[in-house]
């Protein structure tokens, strides 16, 4: 038995050497070809601006979201530094608990929102107040869930259709307020407020029921809680006193400045728990290291946008003129750019929230290149949203017993929540279609009892092949949703199923197969470490 294990470890180590060498060659080729493409087409690409990290080269500023975030970083940093100093000083000087801290954050956050949205803050407070009344009146009735969802989806759609409304709709005497709409469209941020309103509603609704969460059993099993810290699940699941569901704490939760614009999303229970007792999972040293890692990642993004033009290719639609190999490189680059962009934005706001004593979930706990199945990908891409969807949609809809039906409802909501666009609905439904075979294969694999070494080897190889297919499906779904749109599906397939495209498809599959096996080694190393 021991010799058998040693032999397996020997071959796995040999395999790992080959996989790492393949990965090095693959990324060397990707970097070289990306640089060449960027230089060859520089004059044809849109939204390239003079750079400041590498002055001789232009910077890819084609992504509006990243461009605006990057431009506003100095003012955001100044504002949040001031907010953190004021909030922490008030907490320390007056020993403020939940109610006191809610008033402190309410004043700071409303000042912040007044700058962002101007007079449109009235729309936010009006809808939020209606939601509060609805929750308080119906929380203990059987109509609560459908009414809460209908109310919030109604405003989610209306806010988009009417582009945040005009004050003149409510009377010409209010029309002058349209001249004071602030610097940022309120209805874009309000998508996150809707998630918080639903969280408040359900947490209040469940506070009136017998708790299903066994706190003692969780603490015995959870490594974080056993170490004297408090994990996010415990903060979210344990009961909160009913007096904490007050109007002032509710509004403070909805407009909490550090995570107001982009998240991460935090549940009402978890937020309130940390108003009383600030988070203790991250020391000052940990937060400093978190900020330092963010600066390193930001430098990497600057290097990426100065050297490579992935997003500019997508915006300029030049990818239609490229070969299948170059289309793959640009598509792969766009997805990595998106991952790094969102990772930087979310971690920036989470960093400030940690300084202020509120721990929000990490949105990108895993690199995009270390996810080989759809379930793993969606648990680690916008992870706080995934936690929200599981708690407030997936479980109330029936959980695992109705998983096949639930994913269609959930991903349709996710698409509508992002924006009212057909390409996002196409992305959502494509993702659901790709989920079905994965669920079937996983179910079949769980019933298999593999005992022989050959059986384990075969299962590992099949899993790696399945991972390669899944990664390909993920690329297609995300390119349809965020780059080419549903109208480009036929064109994409025609390119890769052509005589020139088929070898590229084969190379993609082999590369993703190798990547999946490398992920297996990483997961095994992490398991040994823990």
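Placement of Cβ uses the backbone N, Cα and C atoms for every residue, glycine included.
A quick note: this is a predicted structure, and the numbers were derived from the prediction, not measured.
What TrEMBL lists as transmembrane segment is 16-35, 75-96, 103-128, 143-162, 183-202, 247-272, 293-315, 321-340, 462-484, 504-522.
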Residues of the parent chain within Cβ reach of the transmembrane segment (504-522), under 8 Å, 6 or more residues beyond its termini: 12, 15-16, 19-20, 22-23, 26, 324-325, 328, 369-372, 460, 463-465, 467-469, 471-472, 496-497
In contact by Cβ distance (the transmembrane segment (16-35), the transmembrane segment (103-128); 3 or more pairs under 8 Å): no
Interface present between the transmembrane segment (75-96) and the transmembrane segment (321-340) (three or more C-beta pairs under 8 A): no
Remote residues contacting the transmembrane segment (462-484) - C-beta distance under 8 A, at least 6 residues beyond either end: 314, 319, 331-332, 334-335, 338, 372-374, 377, 423-424, 426-428, 430-431, 434, 438, 441, 445, 491-492, 508-510, 512-513, 515-517, 519-520
